[in-house]
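This report concerns only the one structure given below.
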Amino acid sequence: MKNISILGATGSIGSQTLDVIRKSNGELKLIGVTANTSVKKVIEIIEEFKPSYVGMMDAVSTHEIKKYCEEHNKKIKVLEGIEGLDKIASLDEIDMVVTSVVGMIGLEPTMKAIEAKKDIALANKETLVVAGEIVMKAAKENNVKIFPVDSEHSAIFQCLRGNDINTLRKIILTASGGPFRGRTLESLEDIKVEDALKHPKWNMGRKISIDSATLMNKGLEVIEAHWLFNCDYDNIQVVVHPQSIVHSMVEYNDGSIVAQLGAQDMRLPIQYALLYENREKRIADTIDFYEISQLTFEKPDIDTFKALNLAFKAGKAGRLMPTILNGANEAAVELFLDRKIKFLQIADIIERCMEVFKTQANKELTLENIIELDKEVKEYVIKNAVL
């Protein structure tokens, strides 16, 4: 049995992780969960999975969960805020942490988990985007395994199994193209929030859905792949694959290409990360190749979707430039979801921040500098946002 903590248990990835645990026939046990403020969902988790630890992000929801546990005689340790995240990520009782919180808040608990020598099922992109060098070094020093939960990185991870990574020539990251694939820049001027949230293939949270619409999600995945697989940016290629059946590919020095195919179901990469090397259980539908009419591949339109190109530039610049990229994107996406800026302004804001903060990008790469600059960039975006 493997004991698990989930950071962000009520979100899209967290909920699907719970389903993997539910269907694991006792191979996985939930020990700790954290959530933002979703009291009702956490109570449902408590009743079904009986975790020993629960963390909520604010005082009100923490009080409500404590009150519920007292009234129903639940012997659960209820924790609050970032301290609760850190504690639940590094419990003595657990073997692995699923980091499915969204945004920069995932960085600190991920580092705490690594320091406590807990393996990581990583669904929080921002951790590697802003601090990949620090995180991967710490993981190596603490003999911690990092299992990617993103479908693309899980695919690459699987394609590399049994092969010498030194013979890797190129990583080919596939992208669905998002809901606006094939659209012109002019046609995206007045995109509504509701339209941007309608991903054609995947069921995802709000922030990642907007990132997919701008192609920033793929840009963040490029930086993530660079750190996970120690691959130069010039050897990472993004290919638009609208059917989302080929989840990613790797090309070796001999010219052969290995691809991973599967259903559009995030439970597949989650299960692979949690039950590594155990492929006995089928949790998702299989592909019927007689039903697939075609698999197509296209070049991404980086003129219309410039966020992808900005991510490549930030990754190549290194140091703190990915922090600027990520912070500006997080703040801009939030403003768009709140209907305070237009869709195309997201990438414009990111580009402007990369220019405004470029001198600070060369500071030493430390967790303190990352957190400080992230805050500064977000404050700048909020202060200067104009619809």
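Placed from the backbone N, Cα and C atoms, the Cβ positions cover glycine too.
Over in Swiss-Prot, the protein carries these features:
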- Thr10, Gly11, Ser12, Ile13, Asn124, Glu126, Gly205: NADPH binding site (BINDING)
- Lys125, Ser151, Glu152, Ser176, His199, Ser212, Asn217, Lys218, Glu221: 1-deoxy-D-xylulose 5-phosphate binding site (BINDING)
- Asp150, Glu152, Glu221: Mn(2+) binding site (BINDING)
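Swiss-Prot feature annotations superimposed on the structure.
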residue: Thr10; record: NADPH binding site; contacts (Cβ under 8 Å, 6+ apart): Ala35, Asn36, Ser38, Lys41, Val42, Ile45
residue: Gly11; record: NADPH binding site; contacts (Cβ under 8 Å, 6+ apart): Ser100, Val101, Val102, Gly205
residue: Ile13; record: NADPH binding site; contacts (Cβ under 8 Å, 6+ apart): Val98, Ser100, Ala123, Val149, Gly205, Met266, Ile270
residue: Lys125; record: 1-deoxy-D-xylulose 5-phosphate binding site; contacts (Cβ under 8 Å, 6+ apart): Asp150, Asn217, Leu220, Glu221, Glu224
residue: Glu152; record: 1-deoxy-D-xylulose 5-phosphate binding site; contacts (Cβ under 8 Å, 6+ apart): Leu173, Thr174, Glu221, Ala225, His247, Ser248
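The local packing around His199 (1-deoxy-D-xylulose 5-phosphate binding site), expressed as other Cβ atoms within 10 Å of its Cβ over all shown chains, amounts to 19. Residue pair His199 (1-deoxy-D-xylulose 5-phosphate binding site) / Glu126 (NADPH binding site) shows a Cα separation of 21 Å.
Counting every protein chain shown, the Cβ of Ser12 (NADPH binding site) has 20 other Cβ atoms within 10 Å. Note on Asn124 (NADPH binding site): other Cβ atoms within 10 Å of its Cβ, all shown chains, come to 26. Cβ neighbours of Glu126 (NADPH binding site) (same chain, under 8 Å, six or more residues apart in sequence): Val102, Gly103, Met104, Gly106, Leu107, Leu220, Asn326, Glu330.
Residues Thr10, Gly11, Ser12, Ile13, Asn124, Glu126, Gly205 are listed as the NADPH binders, and the farthest two of them sit 19 Å apart at their Cα atoms. Fewest other C-beta atoms within 10 angstroms, among the binding-site residues Asp150, Gly205, Asn217, are seen around Gly205.
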